[in-house]
């Protein structure tokens, strides 16, 4: 059981983040590495010795209480010393004169219009008065990234809560006056969307020589794309506080988009989509629900795309054993003994996840995350195989991909920081403090799939998955989308997978995956793609993306 406590201490949720392959560290190392001060009430609560948490523990199931007790007994002083909120990133705020535009949320909030009944109402809904949006035109030639494309970067500021979210916008290479706009979100929680920009689907990658390399398969080939670093203290974003649950970030994203489209009304009437991967399986249902809840909005949300996401842990965790043991289309990674162990652990894991679903309390959701990650992810992780690509060992750094180190080196150059207006002193691909915070808030195992039926009543949803990923594998993603209860469930469940082929270039007819679609729900399996489909299969990625935003499965 020592592995359980170690997983707790470094952030058990890191097992299913993008990217974090670390498994074992000495407790003393971890405590020293993560020790920071915090006055947060949650930190104070969780730092209390477990024997003092009598009222909280009364509500636990026996399984959840056992997990907490095991951790307490093995490391009796540990929870007194581990903080649960990250310290602010070092930063220097640039003067207002540095920015080309500043959009004041209070000004937008005070715009009133007359409705069809002759009554006065606000032009857009939501609480915006504490937010500002700072905008800087990026000189493409200064960075060598898509030099013929308009780019903007800046910050959304929540002045009341000292939160500052960084974004970087790239206009479409094709027809920016008519092409849709897409918000891209990486997961983690705690990983920068600039990783998606330079590692997966943006206009350039970064080579070994720390120079940009043109990407012909960029998603801004036929769409304008916003890459957002969220939650705060991720990438170039920063705050004096911290965010530790998905719902808290949803209102920030709504404010960002509202003010962005107010500053750039030329994009506001175009179709808008939200796309992301991994922990974005939590983010996207929450963010889309927040946007759709505002009937008066300037965000023309048309669909959402979730790639290799974690959305329904109860269903998805069942498919770690099949994927690791040879039933997912690739050779087995684990031996029969390890596979039997995972089979034996599944019942307890799902029982604990169900308790989390029923209460949505940290006191049941945290133990579910700890136990299930240790029992069902741990055996695979300990083999050293890449959790994001079952075909490969984890090589290079703890992130498994050397290219990520090139990206960090590039983004930490003074000329790059200046060109995009970054206000933090340094860039990191992932902030593991944030990852731990979300775990201990109970966010990891919460049932975000319950938001999807409401979204499906209004807009289409695409669930896509590279079939070589282990951590958020295609078996689990297909299973939860098949099981989802919504108004079109019966028709969707009866729909069979069909071949997905390239349709209109020199590779016409090439099979790139499988697809099933009915009503507003579509699932895709992408052959040969790992956790980051655009990285492994760039041509196939752009193919399905262009056809999706073009309306092939959304009409």
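Backbone N, Cα and C atoms are what each Cβ position is placed from, and that goes for glycine too.
Quantities reported herein were computed from a predicted structural model and do not represent experimental measurements.
Annotation comment: Swiss-Prot describes 1-17 as signal peptide, evidence class sequence analysis. Swiss-Prot lists 191-430, 325-339, 349-372, 356-365, 394-400 with the feature disulfide bond, giving similarity to another entry as the kind of evidence. According to Swiss-Prot, the feature N-linked glycosylation site maps to 222, 520. If you look up Swiss-Prot, you'll see 278, 469, 531 marked as active site.
Features as recorded by Swiss-Prot, highlighted on the structure.
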| residue | record | contacts (Cβ under 8 Å, 6+ apart) |
| --- | --- | --- |
| 222 | N-linked glycosylation site | 172, 173, 174, 175, 179, 546, 549, 550 |
| 325 | disulfide bond | 332, 333, 334, 338, 339, 342 |
| 349 | disulfide bond | 317, 368, 371, 372, 375, 376 |
| 356 | disulfide bond | 313, 364, 365, 368, 442, 445, 446, 447 |
Cα of residue 191 (disulfide bond) to Cα of residue 278 (active site): how many Å, rounded? 10
According to DSSP, collapsed to three classes, what secondary structure does residue 278 (active site) have? strand
For a quick check of packing: other C-beta atoms within 10 Å of the C-beta of residue 372 (disulfide bond), how many? 28
Of all the disulfide-bonded residues here, 191, 339, 365, 394, 430, which one's CB has the most other CB atoms within 10 A? 191
In the three-state DSSP scheme, residue 222 (N-linked glycosylation site) belongs to coil
Given the recorded positions 394, 430, 520, 531, find the one whose Cα is closest in space to the Cα of residue 278 (active site). 531
Inter-residue Cα distance where the pair is residue 531 (active site) and residue 430 (disulfide bond), in Å: 16
Looking only at C-alpha atoms, tell me how far residue 531 (active site) is from residue 469 (active site), rounded to the nearest Å. 5
Looking at Cβ-Cβ distances, which residues of the chain lie under 8 angstroms from residue 469 (active site) while being 6 or more apart from it? 308, 388, 389, 390, 529, 530, 531
Taking the Cα atoms as reference points, how far is residue 394 (disulfide bond) from residue 520 (N-linked glycosylation site) in Å? 37
